[in-house]
Amino acid sequence: MGNSDTDRKASYEDASGEHGEVVSTISSSRNPLQPPDTSSEEPFTTYFDNKIPIPEDETHSCFSFRKLWAFTGPGFLMSIAYLDPGNIESDLQSGAVAGFKLLWVLMLATIIGLLLQRLAARLGVVTGLHLAEVCNRQYQKVPRIILWLMVELAIIGSDMQEVIGSAIAINLLSVGKIPLWGGVLITIADTFVFLFLDKYGLRKLEAFFGFLITIMALTFGYEYITVKPSQEKLLKGLFIPYCQNCGTTQLEQAVGIVGAVIMPHNMYLHSALVKSRQVNRANKREVREANKYFFIESCIALFVSFIINIFVVTVFAEAFFEKTNADVNGVCMNASSPHSSLFPNNNKTLEVDIYKGGVVLGCYFGPAALYIWAIGILAAGQSSTMTGTYSGQFVMEGFLNLRWSRFARVLLTRSIAITPTLFVAIFQDVEHLTGMNDFLNVLMSLQLPFALIPILTFTSLPSVMNDFANGLFWKIAGGILILLICSINMYFVVAYVMSLNHVGLYIGAAILSVIYLSFVMYLGWLCLIALGVSFLACGKTRHLGFAACPELFLLNNVDADTLVTR
């Protein structure tokens, strides 16, 4: 690709569809998007050295199980984020605080998550680039670096929850003999498991993740069968949007469910994972087919994760809704549990996390329930830490254009997450981690706009997606969904800051809020222009539905010379 006017005009002609089946993108003099031509080398090397081929199936033109199987994998790896320890903790707290009343919120959040993951997958399939790579090409240096830092914070926060979850599971399985910091050190081993499996091929790695998901389904399914939740209440909670006699606590829990389900780094992860399949991006039919099968696979994967989440919510809704500390203390004393002191003998409503949740299950349903719960949490923690490592690789590689060895990249990204987690584990008791978990949930909620706004922006740009750009419906629906999700999470953040009851923290939060909101508004401005709100842009309206402002922080992949005025 050259930088001459002739090359740019030729690239524009490809993007505007004048060359039939060719799916291309607009080039520019600065960081041009690599044309998704299968004959050219991709600009970044990821884990996908050998891509999985897609078999031809002439006998089944509309749908082929052989092709679905070939495309199966990325969606299940992506769905791990819906089953991480943070999600499990949100589930059990939802059941203990609101019973079955918030199941419909969980279902709605999962459906919204599916629609957003669809956009992420389409970006990777159509462009051959994942979200971090597109951001690297489309945003200028300053906003790009800020965006990278925000996404890294989200990954670190998520990884801390996942590593702590694994450490808690190890502590429970060892009957408290292995301290929290010891469990954190043990989880470092998953880095080597990750490298070992990856060495033997992506399919084996995907099979391993499928094995971990199966363990979660079996363990949490065992708890579900043991507790026997009311099926009538379950169905009512799923399909009737209500929350009778709910207060602030239940509202905050509902907001927490949305924040736990929709994870910012998962958009970056999914857009990269779909690159592992061999798709000829110069052929619209193959691209369209890949989008279809990846969407079907994502539906199946998120349905499985949704069922597992339901297991956890309903178990705690049936067994521990409206229970008091005194109730649990008495049962644990009768069961001769060594953890009875966790629950003071008072009439306060029971508060649980993944550690206390395992303890109360053991008190009520026997030691087997405790250990099986811990095995499920360990599977959730280990699988999500490895997908978190993947996310870290893609984000750092895409934003910074790193060309390090695989081992060096894994070591760096795991160290970034493990180091602060180890300090927390050393200085914080395993029985009092709820405050840290709340803070990490707030941290990740703040980072959501930095994944959702770019994904909607780029999937709406014909210069990036060509004929596969979002139509009017997806632009409007996507904009409304992202506004809704960001508003819900902002409520969660404000509620958390207000609960701190410290004037100094209020002032600090106010200052940071101004900076934070300014950057979010900047990204939102670019997004609105990409969605077609052209009056927000300077200059004349152009072919792509927005005006080019080279002197501003616009999507400078498109410049004034490249575009042809109407």
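Yeah, the Cβs are placed from backbone N, Cα and C, and that goes for glycine too.
Here's what TrEMBL has on this protein:
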{"type": "REGION", "residues": "1-45", "note": "region 'Disordered'"}
{"type": "COMPBIAS", "residues": "1-21", "note": "compositional bias 'Basic and acidic residues'"}
{"type": "COMPBIAS", "residues": "24-43", "note": "compositional bias 'Polar residues'"}
{"type": "TRANSMEM", "residues": "95-116", "note": "transmembrane segment"}
{"type": "TRANSMEM", "residues": "178-196", "note": "transmembrane segment"}
{"type": "TRANSMEM", "residues": "208-225", "note": "transmembrane segment"}
{"type": "TRANSMEM", "residues": "254-273", "note": "transmembrane segment"}
{"type": "TRANSMEM", "residues": "294-317", "note": "transmembrane segment"}
{"type": "TRANSMEM", "residues": "359-380", "note": "transmembrane segment"}
{"type": "TRANSMEM", "residues": "407-427", "note": "transmembrane segment"}
{"type": "TRANSMEM", "residues": "439-461", "note": "transmembrane segment"}
{"type": "TRANSMEM", "residues": "473-497", "note": "transmembrane segment"}
{"type": "TRANSMEM", "residues": "503-536", "note": "transmembrane segment"}
Next item on the list: Residue list, the transmembrane segment (439-461) vs rest of chain: Cβ under 8 Å, 6 or more residues beyond ends.
Entry: 86, 90, 116, 119-120, 122-123, 131, 134-135, 138, 147, 150-151, 153-154, 157-158, 160-161, 256, 259-260, 262-268, 271, 469-470, 474-475, 478-479, 482, 485-486, 489-490, 492-493, 496, 516, 520, 523-524, 526-527, 530-532, 544, 555
Check: Of the stretches 208-225, 407-427, 503-536, which racks up the most C-beta pairs under 8 Å with the transmembrane segment (294-317)?
Finding: 208-225
Note to self: At a threshold of under 8 Å on Cβ distances, which of 208-225, 254-273, 407-427, 473-497, 503-536 pairs most often with the transmembrane segment (359-380)?
What the structure shows: 208-225
Notebook entry, point to check: Is the transmembrane segment (407-427) packed against any residues at least 6 beyond its ends, judged by a Cβ distance under 8 Å, and which are they?
Noted result: 152, 155-156, 159-160, 163-164, 167, 179-181, 183-185, 187-188, 191, 194-195, 388-389, 392-393, 396-397, 433, 436
Check: Any residues 6+ beyond the ends of the transmembrane segment (254-273) with a Cβ under 8 Å from its own?
Finding: 46, 73-75, 77-78, 81-82, 84, 86-87, 89-91, 93-94, 98, 102, 105-106, 109-110, 112-113, 116-117, 119-121, 123-124, 130-132, 151, 154-155, 158, 243, 298, 387-388, 390-391, 394-395, 398, 441, 444-445, 447-448, 450-452, 455, 485, 488-489, 491-492, 495
Notebook entry, point to check: Apart from its near flanks, which chain residues at least 6 from the ends of the transmembrane segment (95-116) lie with a Cβ under 8 angstroms of it?
Noted result: 82, 229-230, 233-234, 236-244, 246, 249-250, 253-254, 257-258, 261-262, 267, 298-299, 302, 305-306, 309-310, 312-318, 320-323, 349-352, 452, 455, 477-478, 481, 485
Checklist line | Long-range neighbours of the transmembrane segment (473-497), counting only residues six or more past its ends (CB under 8 A) | finding: 112, 115-116, 119, 252, 255-256, 258-259, 262, 438-439, 441-442, 445-446, 448-449, 452-453, 456, 459-460, 505-506, 509, 520, 527, 531-532
